[in-house]
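Chemist: Before I ask anything, here is the structure I am working with.
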Amino acid sequence: MVFRKPPDGGWGWVIVVVSFFTQFLCYGSPLAVGVLYLEWLDAFGEGKGKTAWVGSLANGIGLLASPVCSICVSSFGARPVAIFSGFMVAGGLMMSSFAPNIYFLYVSYGIVVGLGCGLLYTATVTITCQYFDKRRGLALGLISTGSSVGLFIYAALQRELIELYGLDGCLLIVGALSLNILACGSLMRPLESSSSPPPEKMCVDKVPDQYFVYHEKEKTVEENISILEKGYIDEKSVNNVPDCKQDSILNKNVLSSINVNEKDTYKKKVVEQTNFCKQLAKRKWQVYLTYWKETMVLFKNKVFSALFVAILLFDIGGFPPSLLMEDVARSANISEDDYYMPLISIIGIMTTVGKLILGILADFKWVNTLYLYVTTLLMTGVALFAIPFAKSYLTLAMLSGILGFLTGNWSIFPYVTTKTVGIEKLTHAYGILMFFAGLGNSLGPPIVGWFYDWTQEYDTAFYFSGFCVLLGGFLLLLAALPCWNACTNQSSKLPPNTYSYKVASNA
């Protein structure tokens with residue numbers, strides 16, 4: 001389908017508003033799952049590591065399944081996927097209220113809600129990109145704050161609902177609120193296609209009726225091969241007749257084949273279909289082979305390889321505080337009277353601030369985005385090391401704000417990826433990095449929880465988390481140093497599709 005030029009406004013601003021609320025409604029509960037985590041610990045009596053899998057799956061499964069989510073949106077469109085995913089998120093939250101054990105939550109909350117969030121994220125980003133070109137950065141920035149605002153509000157909302165209606169009532173109400181995603185999805189009107197039909201369709205329509213050599217009396221044979229025959233005609237007309245100049249040749253070949261024995265004609269068509277399937281399989285295999293070759297070329301770039309390790313270690317070590325900070329406060333015997341605001345709410349609001357400020361800094365020509373990203377990693381590692389020494393609400397609140405602000409480095413991560421691999425490889429590289437980011441999100445909280453189960457304290461767990469983030473930051477810093485470029489230029493040239501990160505003042 002051919003879409004018309006993005007309007008950069010008009011109905012596009014409606015898309016921005018509904019996409020903002022879609023991310024607000026779907027990500028509010030999963031990002032603020034730390035409040036529910038405490039209740040699940042008391043309700044099921046399982047270990048912290050096993051219970052942490054629920055929240056980590058809900059936040060990581062969407063990134064892990066990002067290729068599947070992209071295929072669904074490309075095949076069915078953003079509006080149907082958003083409406084279907086709204087039912088998934090709402091249904092998963094409501095089913096979680098009836099969970100008899102922690103394993104049921106793995107499926108209902110972890111997989112169903114997590115996959116629904118991944119589909120909704122892909123749908124909102126896709127439909128926004130279709131409506132905006134020149135203002136695409138602004139539009140994407142606005143909708144991305146929906147999840148952070150949702151974290152800020154849902155942390156306090158779920159805490160209040162639990163006190164009033166209990167855990168089960170809280171999940172039912174939050175699930176009912178998620179049904180508003182259906183209204184938002186219904187407003188995601190697809191961008192109108194251009195009036196002129198694509199040339200492939202015109203060529204297919206011009207194929208004469210004589211090409212179908214089977215007559216009415218052979219209806220049983222025709223029914224058996226009609227589906228394969230139509231697919232073969234479409235493929236042949238698209239690939240071999242792009243300008244419709246071969247119609248006359250096709251007519252001559254068809255007319256000469258009518259007088260051939262019908263059994264021989266059928267055998268020839270079977271052979272042709274077999275050859276067509278072989279060629280199609282060969283082409284598909286070549287596509288997959290090319291994909292893996294390009295992936296290997298990406299990993300030959302030292303900065304990209306270091307970035308891959310850094311994002312994995314950052315999510316393993318940096319994501320657990322947003323899930324476990326409330327339990328850290330309870331383990332430190334902080335009184336409920338000292339709570340002025342949930343720690344997760346502080347993380348949420350400071351993440352929004354961090355996204356905006358770091359994104360603005362990245363636009364300055366004198367700021368090197370890679371060094372800025374490395375700085376956020378190193379500061380995150382130091383903040384994680386400081387958590388075991390925080391024994392009051394004030395210090396934990398300060399550390400939560402710092403960690404939330406630094407987590408806003410997600411807004412500059414696409415900048416860093418683009419500078420590292422080039423705009424031509426951005427989609428390929430970003431998909432790989434997001435997959436491993438989802439893997440880190442899924443593994444981080446359970447690992448920290450297992451450390452607590454083994455040691456009965458969080459100190460060792462956060463020392464481990466801080467070490468992971470610092471290690472990733474130092475590896476990325478070493479890979480980006482100018483000496484690497486000098487060594488590379490002296491030894492050998494990079495492969496043709498590989499990009500090195502040039503550390504410069506205008507990066």
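Glycine too: its Cβ is placed from the backbone N, Cα and C atoms.
Values in this document were obtained by computation on a predicted structure and should not be read as measured data.
For reference, TrEMBL lists these features for the protein:
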TRANSMEM  12-40  transmembrane segment
TRANSMEM  52-73  transmembrane segment
TRANSMEM  80-98  transmembrane segment
TRANSMEM  104-125  transmembrane segment
TRANSMEM  137-157  transmembrane segment
TRANSMEM  169-188  transmembrane segment
TRANSMEM  303-319  transmembrane segment
TRANSMEM  339-358  transmembrane segment
TRANSMEM  370-390  transmembrane segment
TRANSMEM  396-417  transmembrane segment
TRANSMEM  429-452  transmembrane segment
TRANSMEM  464-484  transmembrane segment
Chemist: Quick test of the contact rule: Cβ under 8 Å, at least six residues beyond the ends. What residues does that give for the transmembrane segment (137-157)?
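Modeler: Here the qualifying positions are 12, 15-16, 19-29, 31-32, 34-35, 124-125, 128-129, 131, 174, 322, 341-342, 344-345, 347-349, 351-352, 355-356, 359, 410-411.
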Chemist: Under 8 Å, at least three CB pairs between the transmembrane segment (396-417) and the transmembrane segment (52-73) (pairs 6 or more apart)?
Modeler: no
Chemist: Are the transmembrane segment (12-40) and the transmembrane segment (339-358) near each other by the rule of at least 3 C-beta pairs under 8 angstroms (pairs 6 or more apart)?
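Modeler: Yes, the transmembrane segment (339-358) contacts the transmembrane segment (12-40).
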Chemist: Tell me, please, if the transmembrane segment (169-188) and the transmembrane segment (370-390) are in contact, taking contact as 3+ Cβ pairs under 8 Å between residues separated by 6 or more positions?
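Modeler: The answer is no, given that the two segments have fewer than 3 Cβ pairs within the 8 Å cut-off.
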Chemist: So if I exclude everything within five residues of the ends of the transmembrane segment (12-40), which remaining residues of that chain have a CB under 8 angstroms from its CBs? That is, six or more out.
Modeler: 6, 46, 51-52, 54-55, 58-59, 82, 85-86, 89, 93, 102, 105, 109, 113-114, 116-117, 120-121, 123-125, 127-128, 131-132, 139, 142-147, 149-151, 153-155, 157-159, 162, 167, 170-171, 174, 177-178, 180-181, 184-185, 187-189, 322-327, 330, 342-345, 348
Chemist: Using Cβ atoms only, state whether the transmembrane segment (303-319) and the transmembrane segment (370-390) have three or more pairs under 8 Å that are 6 or more apart in sequence.
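Modeler: Output yes: the transmembrane segment (303-319) sits against the transmembrane segment (370-390).
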Chemist: Per the definition of 3+ C-beta pairs under 8 A with sequence separation of 6 or more, do the transmembrane segment (52-73) and the transmembrane segment (370-390) touch?
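Modeler: As far as Cβ distances go (cut-off 8 Å, pairs 6 or more apart), the transmembrane segment (52-73) and the transmembrane segment (370-390) do not touch.
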